[in-house]
Each structure stands twice: as C-alpha cells, then as structure tokens.
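Sequence annotations record features per position, and here TrEMBL assigns transmembrane segment to 12-35, 41-57, 69-89, 95-114, 126-149, 155-174, 186-205, 225-244.
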Amino acid sequence: METMMTSSQETWLWIGTAGMALGAIAILAVGRGMVETHHRVTSFFVCAIAACLYLLMAQGQGDIIVSKASLAITPIGVGADVTAKLVYFARYIDWIFTTPLLLLGLLTVGLKALTTSGEQSRERLGLVAGIIGADILMILTGLFGALSLDSTHKYVWFIVSCGFFLAILVLIWGPVRASAVAQGEGVAALYTKLLGILTVLWFIYPILWLLGTEGTGSISLNTEVAVFTIIDLTAKVGFGLLLITGSKKLSGTQSPAAAQ
Ligand code: RET
C-alpha cells in the first residue's frame with residue numbers, strides 16, 4: 001500500500017514543474033514571428049497548464065488517498081481490512097485540458113482547410129468534435145479507473161478508456177491523415193511525423209497506468225512518477241517544439257496566400 005508522497009516523487013514533480021515552465025518560455029521564444037500563431041499559443045498553454053498542475057502535485061496538493069475499510073466479526077474477534085492508495089488526481093486535470101490542445105495542434109496541420117467556409121469545412125469540424133469528445137472521455141474514464149479500489153471496476157474503466165483511445169487513433173490515422181495527404185507532400189510529411197511521434201508517446205500512458213499503482217502495481221509509485229515526468233515533458237515540450245519548427249518551415253516554403 002503506497003499512501004505517502006516520497007522525497008523521490010517530490011523531486012521528480014519539481015523537475016516536472018521547472019521543465020514545463022522552461023518549456024513554455026522556450027515555445028514562446030521559438031515560435032516568435034511564425035505565421036500559424038495558434039500553434040504558439042496552444043503549445044504555450046499546454047506547458048503552462050502542466051507547470052501549474054505539476055506545482056500543485058510538488059506542493060503535495062494534487063493527490064488524494066482513496067481507501068476502503070471493512071470490518072469482519074469472527075468467533076475470535078473483530079478483524080479490519082483496509083485498502084488504500086495514493087492517487088495523483090491532478091494528472092487528470094492536466095490531461096483533460098492539455099490532450100485536446102495537443103490534438104488540436106495535430107488536427108490543424110492535417111485539416112488545414114478547417115478555417116475555410118463550405119460543406120467540407122463543416123465535415124471537418126465534425127471530425128474535430130468527435131476526436132476531442134473521445135479524448136475528454138478517455139481521460140475522465142481513466143480517472144474513474146484510477147479512483148477505483150475494486151479491481152473489476154478498475155478494469156472496466158480501463159477498457160472503456162482504451163475504447164475511446166482507439167476511436168481517436170482510428171480517426172487520426174484514417175480520415176485526418178487522408179486529408180493531410182491530399183494537401184501535398186509538405187503537409188503530409190509534417191502530419192505523418194507528428195502523428196507517429198504522438199502515437200508512440202501516447203501508447204506509453206495506458207501501459208504505465210496498467211503497470212503502476214492505478215493498475216497491477218508491478219512498478220513502484222516512485223518509478224511511475226519519474227517515468228510520467230519524462231514522458232509528459234517529451235509529449236508536451238518536445239512535441240510543441242517540433243510542431244512549431246515544422247509549421248514554421250512549412251509556411252516558409254508556401255506562398256503567403258497559401259499560408260493564410
Ligand atoms: C489512461 C487510462 C487508461 C487507459 C488510457 C489512458 C490514456 C491516456 C493518455 C494520456 C495522454 C496524455 C498526454 C499528456 C500530455 O502530455 C487515461 C492512462 C487509454 C493517452 C499526452
């Protein structure tokens with residue numbers, strides 16, 4: 001039963017706070033003068049939101065202990081059975097805001113005509129709404145699973161969350177990629193690169209969840225917090241910087257009218 005924030009966890013959470021804050025500043029600096037300014041804004045807020053939520057966790061305000069106690073009266077006395085675990089609920093507040101912003105970054109590369117009017121653009125907005133909706137439910141149901149002590153409840157939520165994850169993957173690898181490919185080599189290459197990186201990084205989250213204290217408990221909470229910090233920094237700061245530099249390069253190769 002892991003019910004205490006250890007000093008190793010605290011150190012990693014401070015590393016996360018500092019890394020996200022520095023990442024937010026780096027994104028503002030690298031994105032200066034870019035044409036697609038929305039990438040600079042969304043990537044900045046991804047890191048800024050994460051910095052605040054890491055600060056919450058580092059100060060010991062972003063976790064709760066979920067526990068369940070049952071009493072059994074037997075002929076030899078009264079026995080108490082207590083199960084408890086520490087859950088960093090702040091992660092899910094972070095993810096519920098940052099994952100839609102990350103997806104929006106990817107989608108605005110793949111669905112460039114999102115801002116143009118007409119029937120096609122409405123279809124694309126439907127696609128965006130579907131992906132963001134699935135993403136929010138993926139995180140919310142993941143939180144329900146993390147808060148579950150009963151293992152049946154926990155794995156039911158895990159499967160539901162994976163279902164929404166699968167829906168996101170089908171949409172970003174299917175119709176959104178087709179739209180990116182239709183826009184020519186430059187957009188297709190950037191979209192495919194970002195899509196590949198996002199998919200590999202995002203797959204680590206459910207695996208870590210399953211191995212960590214939310215799932216089977218095969219790895220300690222110390223390891224889990226350390227790995228989550230490294231993956232979070234890569235998926236937010238690393239992805240944001242790639243998106244900004246890639247988008248800058250792309251608009252540099254397009255005519256000003258095409259880049260609008
Ligand atoms: C959960 C619960 C178990 C099932 C699944 C999950 C997926 C989480 C993902 C999180 C991505 C987070 C990112 C954060 C920011 O950088 C919620 C762990 C499928 C994919 C990218």
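Any Cβ shown, glycine's included, is placed from N, Cα and C.
Here the transmembrane segment (155-174) sits apart from the transmembrane segment (41-57); fewer than 3 CB pairs are under 8 Å, leaving out pairs fewer than 6 apart in sequence.
Where the transmembrane segment (95-114) meets the stretches 12-35, 41-57, 69-89, 126-149, 225-244, the count of C-beta pairs under 8 angstroms peaks at 126-149.
Outside the transmembrane segment (186-205), and at least 6 residues removed from its termini, the chain residues within Cβ reach (under 8 Å) are 102, 105-106, 109-110, 112, 165, 169, 172-173, 176-177, 180, 227, 231, 234-235, 238-239, 242-243, 246-247, 250, 253-254. The transmembrane segment (225-244) shares more Cβ pairs under 8 Å with 12-35 than with any other stretch in the list 12-35, 41-57, 69-89, 126-149. Highest Cβ pair count under 8 Å relative to the transmembrane segment (126-149), across stretches 12-35, 41-57, 69-89: 69-89.
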